[in-house]
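Accompanying notes for the structure given below.
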């Protein structure tokens, strides 16, 4: 097995763990478990990139990069809020495949319209598979409200990815990475400026234990490691194959649920018998659609 393939697999395993920890915090974390408060903290933690400044590798951005960084942040924050609300109300292995499918379709359509990129040859077939997979998962596993939330999360994630792509086309990778993350901090500050949101954030900070706060920091550190591993895999191998391997995350979600459901009650709902056949078929069809989208 190539080293870059192994890195991509490990990254997807880490992201599956991150997703379950996110859901644990959202359902069990007092205060900080509110979706808007959790969105604030996750956006704020993007400020870790400030450590790059002393190394002299960051240059001042032009106006276009700043504008698109802020636009990307707006869509990113909306996607997080929709996603965390969906995870708080539903199961991770139901939510994440649909979010990934909608995000992929959105980013490809936007890129084809505005970046003159050609749609993959099997785009229509992949889109149909995504719709079928989403229907199978949502038929018995998601409420109407949850369907709206996961579609909204996927749409805004796709928009954020598209806007980030524009940023990287107008600046270096390091500058684009830095300013897009710093814009997330600006977005967190904007959330904090809203009185109703600030009240929830402050209440969550006071109510949450030190253990929960450190769990969030550790979880987002793991998410950062997964992102770095993915970037290494992309730089060493095929970007299409690496992107297609994101479907492994759904398999890891189920695998972790089966392995640890007896120790963590939170995971039992992921493997409940009701609708499990529909879930497995739905996830399989979505993974097939992703393979068609990225590898074909």
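From the backbone N, Cα and C atoms, a Cβ is placed for every residue, glycine too.
As written in TrEMBL, here are the features:
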DOMAIN    3-138  domain 'EamA'
TRANSMEM  6-26  transmembrane segment
TRANSMEM  38-57  transmembrane segment
TRANSMEM  63-83  transmembrane segment
TRANSMEM  121-140  transmembrane segment
TRANSMEM  147-168  transmembrane segment
TRANSMEM  180-201  transmembrane segment
TRANSMEM  222-242  transmembrane segment
TRANSMEM  248-266  transmembrane segment
TRANSMEM  278-295  transmembrane segment
Legend entry - Stretch contact, the transmembrane segment (278-295) with the transmembrane segment (121-140), Cβ-Cβ under 8 Å, 3+ pairs: yes
Legend entry - Closest-packing stretch to the transmembrane segment (63-83), where packing means Cβ pairs under 8 Å, from 38-57, 147-168, 180-201: 147-168
Legend entry - Segment confidence, the domain 'EamA' (3-138), expressed as mean pLDDT: 87
Inset, instruction - Given the cut-off of 8 Å on Cβ pairs that are 6 or more apart in sequence, determine whether the transmembrane segment (6-26) and the transmembrane segment (248-266) share at least 3 such pairs. - result: yes
Legend entry - Intrachain neighbours beyond the transmembrane segment (248-266), with Cβ under 8 angstroms and 6 or more residues off its ends: 9, 12-13, 15-17, 19-20, 23-24, 27-28, 92-93, 96-97, 100, 280, 283, 286-287
Inset, instruction - Count the residues of the domain 'EamA' (3-138) that DSSP assigns to helix (H, G, I), to strand (E, B) and to coil, and report the three numbers in that order. - result: 113 helix, 0 strand, 23 coil
